[in-house]
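Visitor: Here it is, the structure in full.
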Amino acid sequence: MKHNFSLRLRVFNLNCWDIPYLSKHRADRMKRLGDFLNLESFDLALLEEVWSEQDFQYLKQKLSLTYPDAHYFRSGIIGSGLCVFSRHPIQEIVQHVYTLNGYPYKFYHGDWFCGKAVGLLVLHLSGLVLNAYVTHLHAEYSRQKDIYFAHRVAQAWELAQFIHHTSKKANVVLLCGDLNMHPKDLGCCLLKEWTGLRDAFVETEDFKGSEDGCTMVPKNCYVSQQDLGPFPFGVRIDYVLYKAVSGFHICCKTLKTTTGCDPHNGTPFSDHEALMATLCVKHSPPQEDPCSAHGSAERSALISALREARTELGRGIAQARWWAALFGYVMILGLSLLVLLCVLAAGEEAREVAIMLWTPSVGLVLGAGAVYLFHKQEAKSLCRAQAEIQHVLTRTTETQDLGSEPHPTHCRQQEADRAEEK
């Protein structure tokens, strides 16, 4: 690769709010989105909440000349809602479904039925290997009483691990999506500290868009004040994150958001605002010690995030075990009731009552058993994430105590990882 190598990458990201039968003005919004993407001709368009495969096929056909490669990530019952459109050939595609996706009995929230996931596409651009990830994490339905907090932390860790272990051959890593987390939330900090990804909004040289980069704003006609909760001026939960390995330099030249309306038509594309980033990748000769200046501070931030995540996952484990125990007792009670009904049915006096109560009792046992098994699985999944975090925390703390150099967010570690692959 030439030393004067330079690559400009234009990226588009949007949570499309494309829910069949529920989302307003779907057909019109999809048509205008397709027109806009054709007009702008981005290198990559990464979309979330496209829960109608028919709408994906419509966009794929409409964008086929501008974006010849496209992929729809299928998972769960409803689907992940993730899809990508690329001007460049997609070399590889991988999908990973998160282990924890909410609760099946919270059917009115729907996250469990979607099978929230992360999609990876590998592109080769002028000799450079780009790993682009698109994801959508579990929604936050209540800031004050967030029953899914542990699930979202576990998803953030799973996402960070997936990126860490699949990006070792990549020169540039790009993550776009709706993380459903504010910039300073634990999951967001954990993700950025472990992967070394940088926030385009923080790093950009030129920003134009909604105040504070918010991606849900009150002036959007599809957003209600209830959606914003205690943040009346808007929230920033959609992101463009990126990094480059040693030997390359990446920066965000411009970042734009829509501001509650379509730039050309006036009405919004979605209840979320779109993100449009222009990234510049250049060849950069490796420095002698590119990370030593900030290594200690970054390790301290990582250790802090890992400790907090371990604590929150511990709370989630305790809660899951409590629910499993409760429904285990209910299941035992139901089985005891069935035994009693069998005894009563053997006699003449209470046979009709026993027969009448038999079906509800069987339903109680089956329902309680299903919920018991789900929470047992939830507890084990949270324990697995906590054990992984504890292992990384132990290793990182030992490294800090020995005064050794960087954790995986630093470039020298990534060089070592890449060397091992060769």
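Cβ atoms here come from the backbone N, Cα and C positions, even for glycine.
Positions annotated as Mg(2+) binding site by Swiss-Prot: GLU49. Annotation comment: Swiss-Prot describes ASN180 as site 'Important for substrate recognition'. Here Swiss-Prot flags HIS272 as active site, proton acceptor. If you look up Swiss-Prot, you'll see 325-345, 354-374 marked as transmembrane segment, on the strength of sequence analysis. Annotation source Swiss-Prot lists region 'Disordered' at 397-422. Taken from Swiss-Prot, the feature compositional bias 'Basic and acidic residues' covers 412-422.
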Visitor: In terms of Cβ proximity under 8 Å, which residues at least six beyond the ends of the transmembrane segment (325-345) contact it?
Guide: 351, 353-355, 357-358, 361-362, 364-365, 368-369, 371-372, 375
Visitor: Indicate whether HIS272 (active site, proton acceptor) is helix, strand or coil by DSSP.
Guide: coil
Visitor: Provide the three-state secondary structure of ASN180 (site 'Important for substrate recognition') computed with DSSP.
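Guide: Note: ASN180 (site 'Important for substrate recognition') is coil by DSSP, not helix or strand.
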Visitor: Near the residue listed as 'Mg(2+) binding site', how many other Cβ atoms are within 10 Å of its Cβ?
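Guide: A count of 23.
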Visitor: So of ASN180, HIS272, which of the recorded positions has the fewest other Cβ atoms within 10 Å around its own Cβ?
Guide: ASN180
Visitor: Taking just the CA atoms, what is the gap between the residue listed as 'Mg(2+) binding site' and ASN180 (site 'Important for substrate recognition') in Å?
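Guide: Here the two Cα atoms are 13 Å apart.
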Visitor: Express the distance between the Cα positions of HIS272 (active site, proton acceptor) and ASN180 (site 'Important for substrate recognition') as a whole number of Å.
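Guide: Distance (Cα to Cα, whole Å): 11 Å.
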